[in-house]
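Peer 1: For reference, the structure I am asking about is given below.
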Amino acid sequence: MYLLILFLPLLGSLISGFGGRWLGCRGTNTFSTLCVVVSSLFSLLAFFEIGLTNTTCTIFLVSWIKSGAFYVSWGFLFDSLTVTMLVVITLVSSLVHIYSIKYMENDPHQPRFMSYLEIFTFFMLILVTADNLIQMFLGWEGVGLASYLLINFWYTRLAANQSAIKALIVNRVGDFGLSLGIFLIFWVFNSVDYSVIFSLVPLFDNQFLTFLGFKLHVLTLISLFLFIGAIGKSAQLGLHTWLPDAMEGPTPVSALIHAATMVTAGVFLMIRFSPLLEFSPTILFILITFGSLTAFFAAVTGVFQHDLKRVIAYSTCSQLGYMIFSCGMSCYDVSLFHLANHAFFKALLFLSAGSVIHAVSNEQDMRRMGSLLKFMPLTYSVMLIGTLALIGFPFLTGFYSKDFILELTQISSYSNLQMSYISFACWLGTMSVFFTSFYSFRLIYLTFLNNTNLAKSSLNLVHESSLLMIFPLIILSIGSIFAGYLIRDLFVGSGSDFWGAAIFILPKHSTFIEAEELPIVVKWLPFILSLLGIFFASFVQIFLKTFYFKSNLQNLLSFFTFLINKKWYWDVLYNRLIVLPILNFGYSISFKILDRGFIELSGPYGFTKFVSFWSQILIKLQTGQITHYLFFMIFTFCSFSIILVYSYINLTFNLLLLFFTLFFFI
């Protein structure tokens, strides 16, 4: 059963990809969706069998690499962390497959699309079930490759080409850091197996290595390289630029990437390596810093976006910041709890956005929408549920995890850390709630409630989506309402031993009990900020809309708006400092020198010219006259004689010098 969870999506991908021409769109859709649905059912069974009984299952398939101490096998680890991720991945993937049947029905390459979706799911399953770093890295790279194929699915579009290449290259930076971490882990622990690494970590707590004169803590350096990998995959500040541009792919791709796969890989990596991170306070501080900055930066940027999918994309970036933030506070279980909850309402938001885009003839600019409530009441209802869950409205899924993270941040700033920069990071995360609420309800107003800016011909074509697109939305909306309440006590309840040995937290880093001692105002603060964001968004959209465009307020904010719409100049910075110098170097060196004959001149062409040149000179010595040959012989003999005599004289002089030196000193 456990292996079927993994290999059913692979089977569906191979059949859809190679047999789609014979099966047709309907046959491909049915078979591929059935494979993922069955895999999700088996994942639920595995969750009940392993998660609820707090057991671990390890499956060994075959030895893979044997080279001295380097030993890698094909094996799979199923523990509470793994089965939770399996349920999230396969459930969301199943609903995305069902949704895609209708969404992509007019695309002639639908079998290829289904094949890409399933191979994406398969590589993510390999990533979370691996019991060693090499196998995990295979899944890690496979997810990156599949994301490139899906973002570039409409490969005739230039924007899709650019976005896919950008995602691939930016993630290569993080992958390079992860590969360095794997090399260093093998050098230190002499193994890449999880069980060996985690059992030996305490023994290396006081180990240091010297590099370029700097004394570095081994565990901190390893954790830093692993976190660089997480920065790339989970789109943290600095390597986040690929995530908004990934919206060029079909909307189901965006839902799968942002809800259950790809971006969650970095968070999963941090949670899986909690036994290592716990022994590195420096890395925990870095996680808190990056998480809070990412959450705040993405929330502020989302306020000024006009593309429907980009607004939701920046909300993903912000929520990933909360997850990394939580890992930095050693609350790995809360981070995974939020990851699971986030999968429901984020998939719901993206698929609802796809339903809207599908209805308005592929228009994505929210300013051109409006008045869609009376045409699409069901889509409006489920999107409102997803929005409320995103902002952490009480008793919805996001409330139980997001507010818990914010409470724990306040514990960190109030009690055990007592550092000004940690407090600042905590308040950044808290203030992000206001901006999240603002842009979320701005999206609702611009898309559904404001007066429409659509052409009458387009407005007449607006309609509610079909049952195959509505069914996943209903399932996800139910999950967005009840999932957080149902699994809260199991995942993060006081005294719950659900995670067992899958997550390790040092006793001094545990802060759950202190959450009960927070002032009531601090506990209510996220909800108050959410209400303020809703009120401010409503006030601006209803009352200040005309005033804003007729007053000088726009001029006052124009620079700030321009700065954010330029993505804070991250792309410009990378282009000026990295991309353009490399291109100029390539043009001046590679193109103008190497590609114009230097390699040929110093290679086979140059060697043949060299031989030909000297052969022509030597040919001229063959005159056929014996006097010339005698001259060359005498000249050669005299030359060698002079060299030998000079060498003998030099040797004799050195021996005499050595003799007199020893004589006088002795």
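Sequential numbering from 1, following the chain as shown.
Here the Cβ of each residue, glycine as well, is placed from N, Cα and C on the backbone.
Annotations for this protein, taken from Swiss-Prot, read as follows:
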type: TRANSMEM; residues: 3-23; note: transmembrane segment
type: TRANSMEM; residues: 31-51; note: transmembrane segment
type: TRANSMEM; residues: 59-78; note: transmembrane segment
type: TRANSMEM; residues: 168-190; note: transmembrane segment
type: TRANSMEM; residues: 251-271; note: transmembrane segment
type: TRANSMEM; residues: 283-303; note: transmembrane segment
type: TRANSMEM; residues: 311-333; note: transmembrane segment
type: TRANSMEM; residues: 337-357; note: transmembrane segment
type: TRANSMEM; residues: 375-395; note: transmembrane segment
type: TRANSMEM; residues: 421-441; note: transmembrane segment
type: TRANSMEM; residues: 467-487; note: transmembrane segment
type: TRANSMEM; residues: 572-594; note: transmembrane segment
Peer 1: May I ask whether the transmembrane segment (467-487) has at least three C-beta pairs under 8 Å with the transmembrane segment (421-441), counting pairs 6 or more apart in sequence?
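Peer 2: Between the transmembrane segment (467-487) and the transmembrane segment (421-441), which are separate recorded stretches, there is no contact, as judged by 3 or more close Cβ pairs.
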Peer 1: Excluding the flanking five residues on each side, which residues at least 6 beyond the ends of the transmembrane segment (251-271) place their CB within less than 8 Å of a CB in that stretch?
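Peer 2: Here the qualifying positions are 81, 85, 88-89, 91-93, 96, 99-100, 103-104, 117, 120-121, 124, 127-128, 140, 143-144, 147, 150-151, 153, 174, 178, 226-227, 229-236, 243, 277, 287, 309, 312-313, 316, 320, 323-324, 327, 332, 335-336, 339, 342-344, 346-347, 350-351, 353-354, 357-358, 503.
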Peer 1: Excluding the flanking five residues on each side, which residues at least 6 beyond the ends of the transmembrane segment (375-395) place their CB within less than 8 Å of a CB in that stretch?
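Peer 2: Counting only partners 6 or more residues beyond its ends, the transmembrane segment (375-395) has Cβ contacts under 8 Å with 315, 319, 341, 344-346, 348-349, 352-353, 355-356, 359, 402-403, 406, 433, 436-437, 440-441, 443-444, 447-448, 459, 462-465, 470, 473-474, 476-477, 480-481, 485, 526-527, 530, 533-534.
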